[in-house]
Amino acid sequence: MAGPAPPPPEEEPSSPSFLRLRCAVQHYEWGRRGEASLVARLSDADDPDPARPYAELWMGTHPSAPSSLLAADNGGGGLLLREWLARNPAALGPAVAARWGGDLPFLFKVLSVAKALSIQAHPDKDLAEVLHALRPATYKDGNHKPEMAIAVTEFRVLCGFAGIQELKDVLRTVPEIEDLVGPEDAAKLLSVKEHHGVNEVKSCLRSAFTKLMTASKEAISEAITKLIFRLNAESKVRTLTEKENLVLSLEKQYPEDVGVLSAFFFNYIKLSPGEALYIGANEPHAYLSGECIECMATSDNVVRAGLTPKYRDVQTLCSMLTYKQVFPEILRGVPVQPYVRRYTPPFDEFEVDCCSLPPGELVVLSPVPGPSVYLVMAGEGEIQVDSMPNGEKSKQGDVFFVPAYTEVKFSASGPECMQLYRAGLLKQMWGNSAVNPVRHSLKMA
């Protein structure tokens, strides 16, 4: 006689429709301190140390500061997001899983900048692979790092080389730089014409900039001493330029640093809240002050040459730069529906949506074939995902990972506007099969 029928196989628990994340804080010396830092206010630090810098909040899977799952009911509290994705590759969507090997292709950050970051550039993918192979302790991965910064407060940046006429004016009016560059390279740069061709202009610029950056410590110290003395004297009889005032400020932060002088070579940009710029591979830049949202390819590769106590790789930086002289494009976001603006850089790895939702409003974010990371920057409300019968409260500092093919609804409550940012992959990646990530907004009943 047949025995009792075996019990039906247990169904595997379905993957959660979203994950709350605990995100790492980086305490770099240039960060704002204590409660003055947006990063500190967004982090889970209950009582930020007023003497400690809170510089960056990292939201992603990079091993230098990986995010982890916050609650046990989301599949195991403390489990790294990267580990969870390895167990649940469908959460990335097939295209992302195939192209990026089970990892998030982007790294999402908040920066709170009190003093200038280094004069730096990020290598392209080929150079990143070489640098990582040669010096893995310094260059920790083999990926490129195109990035975009969206200003939350006024955000000041040095980015890209200034135009040829501005650089000629620098050589004519800043004798301390002309002395370091030397008469031969100074004469070449002063005499070059734009119609001589792009390559000749770049060659002259490369030579002059390299001469400056590789000058001896003694020569740099002497030049900066002369420069500061001269500017302080001239400030009594004329109004200094914005760049000159910037140089005085940088010298107080980084005395006797060649980055103080190199600032004259770059475009000086002030972003207003909501404005953004993107920075491609091999382009020089330095963030100076303010707070921003930043998104980039998943990498931590930085080649530094000034305004930093960290390791400097001056020869690599001078050799890798493009020496383009183009003022960076300022992005202001494209409205994709009421309350939502999209920032789309010319890279495959990411785009960013900013949603400012007044109290009593609801926004529905349609499913897309790739993952998203959401940050609640301000305000409070409720998140409802897919077929959840009830929403969950969300507040400032909450970070959510949302898998591919998942519909998300945010509703705002409380006295202030709810502001949130979403990082995800470019819609163009999905071709004609893509659905616009933002479908519509509805007035709450």
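Cβ from N, Cα, C; glycine included.
Features reported for this protein in TrEMBL:
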DOMAIN    19-161  domain 'Phosphomannose isomerase type I catalytic'
BINDING   Gln120, His122, Glu147, His285  Zn(2+) binding site
DOMAIN    180-265  domain 'Phosphomannose isomerase type I helical insertion'
ACT_SITE  Arg304  active site
DOMAIN    343-387  domain 'Phosphomannose isomerase type I C-terminal'
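Per-class residue totals from DSSP over the domain 'Phosphomannose isomerase type I catalytic' (19-161), listed helix then strand then coil: 39 helix, 42 strand, 62 coil. Counting residue by residue with DSSP, the domain 'Phosphomannose isomerase type I C-terminal' (343-387) contains 0 helix, 26 strand, 19 coil. Counting in whole angstrom, the residue listed as 'active site' lies 10 from His285 (Zn(2+) binding site) by their C-alpha atoms. Cβ neighbour count for Glu147 (Zn(2+) binding site) (all protein chains, 10 Å cutoff from its Cβ): 25. Annotated Zn(2+) site Gln120, His122, Glu147, His285; additional same-chain residues within 8 Å of its Cβ mean position, judged by their own Cβ, are Ala121, Lys145, Ile279, Glu283, Pro284, Val302. Over all protein chains present, the Cβ of Gln120 (Zn(2+) binding site) has 24 other Cβ atoms lying within 10 Å. For His285 (Zn(2+) binding site), the same-chain residues lying six or more positions away in sequence with a CB closer than 8 A to its CB are Ile119, Gln120, Ala121, Val157, Leu158, Cys159, Gly160, Phe266, Ile279. Each of the recorded positions His122, Arg304 was scored by the other Cβ atoms within 10 Å of its Cβ; the lowest score goes to Arg304.
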